[in-house]
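The following features are taken from TrEMBL:
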type     : residues : note
ACT_SITE : ASP74    : active site, proton acceptor
ACT_SITE : GLU249   : active site, proton donor
DOMAIN   : 364-488  : domain 'CBM6'
Amino acid sequence: MFCLSVRCSIQTTSTVCYQRFQLSRRIMSLSKPWSTLKRLSITSGVLLLGLALHGVPTTVRADNPLVQTIYTADPAPMVHDGRVYVFTTHDEDGATYFDMHDWHVFSTDDMANWQDHGAVLSLDDFSWADLNAWAGQAIERNGKFYFYVPMRVTGSQMGIGVAVSDSITGPYADARGSPLVVDGEIDPTVFIDDDEQAYLFWGNPHLWYAKLNDDMISFAEEPRQIELTVEGFGPREGSDTDRATAYEEGPWLYKRNGTYYLVYAANCCSEDIRYATGPSVTGPWTYGGIVMETEGRSFTNHPGVVDYEGNSYFFYHNGALPGGSGYARSVAAEDFTYNPDGSIPQIRMTDAGPVQIRSLDPYVRQEAETAAWSQGVETEPSSAGGICVGWINPGDYIKVKGVDFGDGGASSFSASVASGGPGGTIELRLGGTSGTRIGSCDVSPTGGYQTWKTVRCDVSGAEGTHDLYFVFRGSGEGLFNFDWWQFE
């Protein structure tokens, strides 16, 4: 289950599990800095003042961090089939170390509303690994998706494995049955050059690379170590004098306009993000400077860079969510523009995030787990396929940003729901949790949290472009689950 630290297959399997979860969430809430959520909500409210009545509101931005239902880290973005997908690691609630068990995927086509695709790979999928599902990266080749991930070889050191899938959202399976890289190595980045040669780079404290064979799961040569020079990676800062250069870990390799970029986490600890450029995939590398200074409550950071629909995006992680820390991190993103000479500008962490590049269409089916922001809810697998929103309690909400109802407006709303509990109500509001109410749908018990039923209700006053809030009301806990919605 994709929620807190209680592990059950579905919500209906165990009343004890459900009670344990609710107790855990109540205990966790006692130490959460809800003032942070209030501050973010105020920021979002100010941004709403810039909403246009119709069309795409070009000044409206997303919300950072991108995901609120779990702690996420180590973003690895990629563009596929008109969407941006970001692969993440998953920090467990209450963790005091990087004790991580699975990898998740989220996607968007507007850079503001992110769909949760759940856990696509876990340590359990590797017979040879037992701990530490750490930072990886995926790439497509010949219709298959290859996901390079580090984890601990059972009872030994860290190694890097390869998982493969026919779908970007999985499920992924171990492609080798053994690690591709051993000897304590972490942080792979994968890249296919213009000549179709694929490369894998990795490493902390050293930086290694090797050519991949066409099968993408074996090396075409012995790994080689890149010489880390001050000219290539900048001088080390702080009290750590054992290393000459700033390079620490988390390399991210890509090519733009004939120049190769190697972005990496620098110094320790806390880390910042820096980069180097070169004329070839193997250098020689020239130090480019700082991309992101040390900020936030996380002492690590991890970069990812992609271009999408003419814009450039920088992904990173911090500890900005309530309860956040160096072991409870959250993925965020910023849009940026390269300098005229191709250099990367310094980028600051924000709670606003990228500009929303298109509005969301409410007249086609939308997944309930697609959100710009949420509070209180969690997600879990749906018996109807994919992911649904669950663990809904009174006062929880989901925000969907930049919903374009058009000039004529909507007249009705439909939602797929399931309830093994008391049921409740979905309030449809514009602009905030206390904003204009355009409709209200009652949800009755359906006989189970995976027993789906479509409910409908009338809507009025939904015209133009607004942020749409689903505010959940009712008595008791575990009101219902929510799978998809659509206006007419």
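Any Cβ shown, glycine's included, is placed from N, Cα and C.
Each of the active-site residues ASP74, GLU249 was scored by how many other Cβ atoms lie within 10 Å of its Cβ, and the smallest score goes to GLU249. ASP74 (active site, proton acceptor) sits 11 Å from GLU249 (active site, proton donor), taking the Cα positions as reference. Each residue of the domain 'CBM6' (364-488) gets a DSSP state, and the totals for helix, strand and coil are 0 helix, 67 strand, 58 coil.
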